[in-house]
Amino acid sequence: MRPAGRSNNQVRPVTLTRNYTKHAEGSVLVEFGDTKVLCTASIEEGVPRFLKGQGQGWITAEYGMLPRSTHTRNAREAAKGKQGGRTMEIQRLIARALRAAVDLKALGEFTITLDCDVLQADGGTRTASITGACVALADALQKLVENGKLKTNPMKGMVAAVSVGIVNGEAVCDLEYVEDSAAETDMNVVMTEDGRIIEVQGTAEGEPFTHEELLTLLALARGGIESIVATQKAALAN
């Protein structure tokens, strides 16, 4: 029996609260069960030096965890003087995922920074960050259109992510912390709304997994992501 009695293919309750803060062009509080992440999208005119004069935009991301988002306090990375490898890996993943959602040529020479701050962690913080940041990004892009900075919205479609894994020999979707810490296999999957794969991060933490198990996990992820995308679209429609 999974925590909260979920079936193996069931994601946790997903909530997306838009316009959560007042200053950012897009802001979303995303909740996957007890995992809560604040995602903001900030627009700047201009692009990094390596893109200057090419007529296209850029999307980047930063990720961080509040000191007491976890069971025991973790010192802020700013206090340590440097970002950890996990943080850098996750923020690059978020940026890659969200660039797949946008026509960067149509964006023009704007940079959008997605800041994902974990308020409470109970597994799946990177997948929640991608899911919430995509909605914040959609709001920010719509503001560029409404303000006359862009003629058409460069958003190609929604992007969402979910964790899948093998726990006690069973393939399950959207792992919370107690499952994640005991998983034999742990995988994060990012997809477009039509089911195309952007990224797969998978590791056999305990027992190696088979090709058949990989296909099972990807199918589980696709079903979970379809449900999450429906929640994203419902949030944007309100």
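Cβ coordinates come from backbone N, Cα and C, glycine included.
It should be emphasised that the depicted structure is a prediction, and the values quoted were computed from it without experimental measurement.
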Exercise for review: May I ask you to find which of Arg86, Arg99 Swiss-Prot records for the phosphate site already listed with Gly124, Thr125, Arg126?
Suggested key: Arg86
Exercise for review: Using all protein chains in view, find how many other C-beta atoms are within 10 Å of the C-beta of Arg86 (phosphate binding site).
Suggested key: 11
Practice item. Mind computing the max CA-CA distance among Arg86, Gly124, Thr125, Arg126, which the record assigns to phosphate binding, rounded to whole Å? Key: 13
Study note, to complete from the structure: Same-chain residues at least 6 positions away from Gly124 (phosphate binding site) with a Cβ under 8 Å from its Cβ, in sequence order, are Phe32, Thr35, Val162, Ser163, Asp174, Leu175, Glu176, Asp180
